Amino acid sequence: MELLLFKHEEFNKIYNCTGINVDDVPIEKRRYPIAAIVCILLGFIYYTLYFPCLYSFWKNRSKNPCYILLIYLSLINIFTLWGPTFAQGIFSLNGIVYCSSPILTYFVGCLYLFLWAAECAADLVLGINRCIEMAFPNIAEILFYGKRIYIWIFICNLYGFYWLYFRHPYIFNGIAFAVLFEPLIGYIPFRAEIFKRDLFENSLNNALLAVVTPIIYVIFIICFFFKTREVSDRVTKEEKMVFIQVFIVSMINTSTGIIYAYNLKNPDSGFVLVLVAHFCWVHVHG
């Protein structure tokens, strides 16, 4: 957003469609109707399931601050889910690329970027919360209980705003059926030098998630094992189910980030890998 608001010359250098004829790539090569319809159907299914889950978290919000984090993550996912399902499905059915709808794809991409970054941060905070809660409950009470949980949510939002303001947005490309930093992919060669900083920070973000998240959950499992052995009566079924749910969501999110980091660096990585990344993304938010 920084370029759009204050650096118009640089913005025009990257996002100018002058000389680009959208129809140089036939619409048949910009549409993936089967994948698009599947995305739209999954959107209807997941939205139907999401609100009962959100209500369940809301009912239990006073029991543990992790439920506040889960509500926050749920809201992010609800706001995000329309993107890879309805928006991307409709874009694909219409063969949309950046130059066929620059304003819409740009602002949708900005929203993608903010929500993705905030979710990554929240996912990590949730894992840390579960780990500290299990190993050091007194410290967890100091760090997370009461209004302090909202400080963590503010930090997650701040991280999202950093990406929104300082980095280039994800732009949907119908040729690749993917969101990419390069808005003109398929019409000009990938300009890696322009997006070098974005690619580095994206890879760093996903690498940290890929390394730190498993470490957090290995520590959590060890603590969980010893707590179960020592005070098994205090480890409730509800605690176990919350852990399993958080662990699965975090692992899928981490895997999705790794695949997307590879695809962003290699826009011609192949349609199969793009589909795997995309449907992992859909399932993370669903």
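Backbone N, Cα and C atoms are what each Cβ position is placed from, and that goes for glycine too.
What TrEMBL records for 32-55 (among others) is transmembrane segment. Counting only same-chain residues 6+ beyond the ends of the transmembrane segment (32-55), those with a CB under 8 A from a CB of the stretch are 71, 74-75, 77-78, 81-82, 84-86, 88-93, 174, 177, 275, 278, 282, 285-286.
Beyond the ends of the transmembrane segment (67-91), by six or more residues, the same chain brings 36-40, 42-43, 46-47, 50, 53-54, 57-58, 60-61, 101, 105, 108, 111-112, 115-116, 118-119, 122-123, 125-126, 129, 149-150, 152-153, 156, 172, 174, 177, 179, 246, 249, 278, 281-282, 284-286 to within a C-beta distance below 8 angstroms of the stretch. The transmembrane segment annotation in TrEMBL covers 67-91 (among others).
Residues or ranges marked as transmembrane segment in TrEMBL: 103-128 (among others).
What TrEMBL records for 149-165 (among others) is transmembrane segment. Listed as Cβ neighbours of the transmembrane segment (149-165) (distance under 8 Å, sequence separation of 6 or more from its ends, same chain) are residues 1-2, 65, 68-69, 72, 110, 113-122, 125, 129.
What TrEMBL lists as transmembrane segment is 171-192 (among others).
As annotated by TrEMBL, transmembrane segment applies to 204-227 (among others).
The transmembrane segment annotation in TrEMBL covers 242-262 (among others).
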